[in-house]
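Annotation comment: Swiss-Prot describes 29-46, 118-133, 142-156, 197-218, 274-288 as transmembrane segment, evidence class sequence analysis. Positions annotated as site 'Tyrosine radical intermediate' by Swiss-Prot: TYR161. Residues or ranges marked as [CaMn4O5] cluster binding site in Swiss-Prot: ASP170, GLU189, HIS332, GLU333, ASP342, ALA344. Residues annotated as site 'Stabilizes free radical intermediate' in Swiss-Prot: HIS190. According to Swiss-Prot, the chlorophyll a PD1 binding site annotation covers HIS198.
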Amino acid sequence: MTTTLQQRSSANVWERFCTWITSTENRIYVGWFGVLMIPTLLAATVCFIIAFVAAPPVDIDGIREPVAGSLIYGNNIISGAVVPSSNAIGLHFYPIWEAASLDEWLYNGGPYQLVVFHFLIGCACYLGRQWELSYRLGMRPWICVAYSAPLASATAVFLIYPIGQGSFSDGMPLGISGTFNFMIVFQAEHNILMHPFHMLGVAGVFGGSLFSAMHGSLVTSSLVRETTEVESQNYGYKFGQEEETYNIVAAHGYFGRLIFQYASFNNSRQLHFFLAAWPVIGIWFTALGVSTMAFNLNGFNFNQSIIDSQGRVINTWADIINRANLGMEVMHERNAHNFPLDLAAGEVAPVALTAPAING
């Protein structure tokens with residue numbers, strides 16, 4: 001009798017737990033994806049804060065030249081970062097228990113892997129949680145599809161790119177100036193500015209900003225007047241009201257006359273789908289571009305494309321960019337290379353075997 005009651009009681013506890021996890025009445029929805037998302041994001045956040053503030057220098061290039069990234073080692077908010085794990089570790093999984101000591105784990109940049117792996121798992125679960133909540137509420141599932149763009153970007157720079165380059169030391173540092181350094185080195189090694197997928201991403205981000213500003217300003221300029229001049233116009237809207245709060249016909253008429261008729265949407269659903277799809281598709285392409293450049297399928301190379309009748313090179317902007325790329329490449333990881341491969345791979349210059357006679 002006791003055993004039966006105990007089993008029934010434990011079953012009731014599990015059922016109550018399942019009901020609470022999947023309840024849409026909670027102030028913040030947890031969901032089954034949230035069961036994994038919450039601890040992973042908490043672990044990533046706590047480790048990031050501790051490492052950003054107090055982590056010792058990391059031997060990022062694997063040449064016994066540690067690079068300091070934390071605040072207590074002299075950095076500020078802009079220059080500080082969680083430094084990527086050492087090139088000596090490469091692509092090896094490097095949890096705490098794989099190191100001989102905690103000092104070794106810190107010296108080889110173990111916190112970077114801990115933060116990145118937990119962060120990516122947590123972000124993937126956040127996407128799943130968006131789908132799960134949409135499903136519970138009977139909504140369409142496109143919110144998580146839109147979120148897949150920044151998730152794909154994070155996965156590209158933190159996981160796919162290091163895999164393609166053969167080491168997590170090539171991943172993006174977790175800091176402001178570290179992000180800029182990653183971008184500069186990426187341009188130097190892969191010529192990303194000349195990659196069509198990056199161009200589509202630029203069009204997506206800048207175009208999305210433009211369309212967002214256009215939409216917001218048009219809506220704000222065509223609000224239906226519900227208040228007096230001494231009241232805020234925001235009081236003219238009541239949450240959940242059935243009436244339109246702005247006049248889409250007026251907005252359509254204005255923009256159609258400003259540009260031309262068919263440049264303006266006359267269907268609100270088409271308009272908002274476009275506003276979501278444009279930046280998402282652009283960022284998808286950029287993430288795909290980074291993922292292909294990870295395996296050295298780089299941007300277009302138009303260096304020395306124009307030659308005159310005498311065989312002399314006529315420089316174009318492509319050659320200017322190439323010279324900048326070479327300059328950036330020889331400056332990064334300055335002590336890790338005997339000679340940059342891109343410079344060493346050029347044509348061999350003739351060398352005189354005998355010194356010319358100098359009549360003096």
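Keep in mind that glycine also has a Cβ here, set from the backbone N, Cα and C atoms.
All chains included, 22 other C-beta atoms sit within 10 angstroms of the C-beta of TYR161 (site 'Tyrosine radical intermediate').
Within 10 Å of the C-beta of GLU189 ([CaMn4O5] cluster binding site) there are 19 other C-beta atoms, taking all protein chains into account. Across the structure, HIS190 (site 'Stabilizes free radical intermediate') and ASP170 ([CaMn4O5] cluster binding site) are spaced 13 Å apart at their Cα atoms. Ranked by the number of CB pairs under 8 Å to the transmembrane segment (274-288), the listed stretches 118-133, 142-156, 197-218 are led by 197-218. On the backbone, the CA of GLU189 ([CaMn4O5] cluster binding site) and the CA of HIS198 (chlorophyll a PD1 binding site) stand 15 Å apart. Taking Cα separation as the measure, HIS198 (chlorophyll a PD1 binding site) is nearest to TYR161 of the recorded positions TYR161, ASP170, GLU333. Away from its own ends, the transmembrane segment (142-156) comes close to residues 119-120, 123-124, 126-128, 130-131, 134, 276, 279-280, 283-284, 286-288, 290-291, 294 of its chain (Cβ-Cβ under 8 Å, at least six residues beyond either end). Neighbour density for HIS190 (site 'Stabilizes free radical intermediate'): within 10 A of its CB lie 23 other CB atoms from the protein chains shown. For the binding-site residues HIS198, HIS332, the greatest number of Cβ atoms within 10 Å around a candidate Cβ is found at HIS198.
Every protein chain considered, the tally of other Cβ atoms within 10 Å of the Cβ of GLU333 ([CaMn4O5] cluster binding site) stands at 16. HIS332 ([CaMn4O5] cluster binding site) falls outside any helix or strand according to DSSP and counts as coil. The 10 Å shell around the Cβ of ASP170 ([CaMn4O5] cluster binding site) contains 22 further Cβ atoms across the protein chains shown.
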